[in-house]
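Q: Would you mind keeping the following structure in view while I ask a few things?
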Amino acid sequence: MLKNDLLLRAARGEETERTPVWLMRQAGRILPEYRALRGRLSGFKELVETPELAAEVTIQPVDALDVDAAIIFSDILVVPEAMGLTYEMVEARGPLFPETIKTAQDVARMRVADPEEHLGYVLEAIRVTKRALNGRVPLIGFAGAPWTILAYMVEGHGSKTFSKARRMLYTNPALAHELLDKITRTTITYLQAQVEAGANIVQVFDSWAGILPPDHYREFSARYIAAICDAMPEGVPVTVFAKGAWFAVSDFAHFNCRTIGLDWNEDPRLVRAAIGYDKTLQGNLDPCALYGSREQVQTATIEMLRRFGPQRHIANLGHGVYPDTDPDNVRVFINTVKEFSTLARQGAI
Ligand code: 1CP
């Protein structure tokens, strides 16, 4: 039994006494306790692959920030690794794949991973986290959307354009679909296993959605996300966060998901006008708004809450919190959501 199930109730569209709040990338470098633990280790992968440590940093923001959910500390890139493509996390630079996908042989070499065998360390981290959380807040499981995962597997690292990956969609669409299909099959059993291990809700991150034109987005991304949503167990809410894909929100409205994540370029009022009230919306304060003064953070947060309205909203940023954000301003954001949305429900403002 969960002591605080606000997030799940909001996702299911039930009335809540206030708006739930958490932050993408809440576990990580904004917290001094994360940096202290991370500094004692050989690197990012040791943290991700040691369930007790991953559980510890998953719970840090629940203790330090009093958010309404924990998100399992892992990375979307564990999936390509499980399929046979190892990644490195280069200090201060980000992920790097020494080998990339170029040919049909490369795709043929990729396996549809078995969650227990190849991603058992994430499932164990979920089990350890659930025990330690003891029902305080729900635990969010996650995976990357197949298109975003393909983008890293083909490109080999982060990129502004992902032009190698986008080139494949034009030059060898059949090969892209073959890879997307393998990633999708892996992701479905992986997310199902996360739920079995204890995740209460799952989020699909399509971080590079916004670089595709709408027709490519439908062909190479949205339909695979739809297949993932369809495969999730009954009663487990799914959140689709497709950064930059404002053009696809009306498609998501017909998906088997409960929540649609909005980035900070999107206006929730326009989204509501387009899709109605069947889905919960999540987001979408500009992460840079947290660089302002305390008063500026409060004002921006209240404006955001007004744009979403009181129900069917999960407050968050429009993307992950930046590592150089002052945790005190993160607390101002969280507390403003809690206080303002409580008063708004009571009709006080
Ligand atoms: O040294 C460090 O601590 C490394 C920084 C870091 C962290 C804290 C990386 C490298 N990954 C993570 C954890 C992580 N990644 C989480 C769990 C923490 C939390 O949310 O509280 C999650 C959900 C992710 C997901 C992730 N990884 C995404 C999707 C979300 C998004 O931000 O768009 C993506 C694109 C990645 C790839 C990745 N991993 C790390 C970096 C720096 C990147 C981005 C690389 C790029 O610029 O392309």
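Every residue, even glycine, has its Cβ placed from backbone N, Cα and C.
The substrate binding site annotation in TrEMBL covers R25, Q26, A27, G28, R29, D75, Y152, S207, H319. The domain 'Uroporphyrinogen decarboxylase (URO-D)' annotation in TrEMBL covers 20-29, 140-156. The site 'Transition state stabilizer' annotation in TrEMBL covers D75.
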Q: Taking the Cβ of A27 (substrate binding site) as the centre, count every other Cβ atom within 10 Å, in any protein chain shown.
A: 26
Q: Would you identify which of the binding-site residues R25, H319 has the most other C-beta atoms lying within 10 angstroms of its C-beta?
A: H319
Q: Tell me, by DSSP, whether A27 (substrate binding site) is helix, strand or coil?
A: coil
Q: Between the Cα atoms of Y152 (substrate binding site) and D75 (site 'Transition state stabilizer'), what distance do you get, rounded to the nearest Å?
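A: Y152 (substrate binding site) to D75 (site 'Transition state stabilizer'), Cα-Cα distance: 12 Å.
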Q: Quick one: Cα separation, A27 (substrate binding site) versus D75 (site 'Transition state stabilizer'), in Å?
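A: Here the two Cα atoms lie 11 Å apart.
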Q: Between the recorded positions R29, D75, Y152, where is the Cβ count within 10 Å the lowest?
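A: Selected from the recorded positions R29, D75, Y152 on minimum Cβ neighbours within 10 Å: R29.
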Q: Can you tell me how far the Cα of H319 (substrate binding site) sits from the Cα of D75 (site 'Transition state stabilizer'), in Å?
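A: Checking the Cα atoms of H319 (substrate binding site) and D75 (site 'Transition state stabilizer') gives a distance of 15 Å.
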Q: Could you tell me the mean pLDDT the prediction assigns to the domain 'Uroporphyrinogen decarboxylase (URO-D)' (20-29)?
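A: Overall, the domain 'Uroporphyrinogen decarboxylase (URO-D)' (20-29) comes to a mean pLDDT of 97.
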Q: What does DSSP assign D75 (site 'Transition state stabilizer'), in three states?
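A: Its secondary structure by DSSP: coil.
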Q: How do the residues of the domain 'Uroporphyrinogen decarboxylase (URO-D)' (140-156) split into helix, strand and coil according to DSSP?
A: 10 helix, 5 strand, 2 coil
Q: Whole-number answer please: how many Å between the C-alpha atoms of D75 (site 'Transition state stabilizer') and R29 (substrate binding site)?
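A: Between the alpha carbons of D75 (site 'Transition state stabilizer') and R29 (substrate binding site) there are 14 Å.
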Q: Of the residues named as substrate binders, R25, Q26, A27, G28, R29, D75, Y152, S207, H319, how far apart in Å are the Cα atoms of the most distant pair?
A: 23
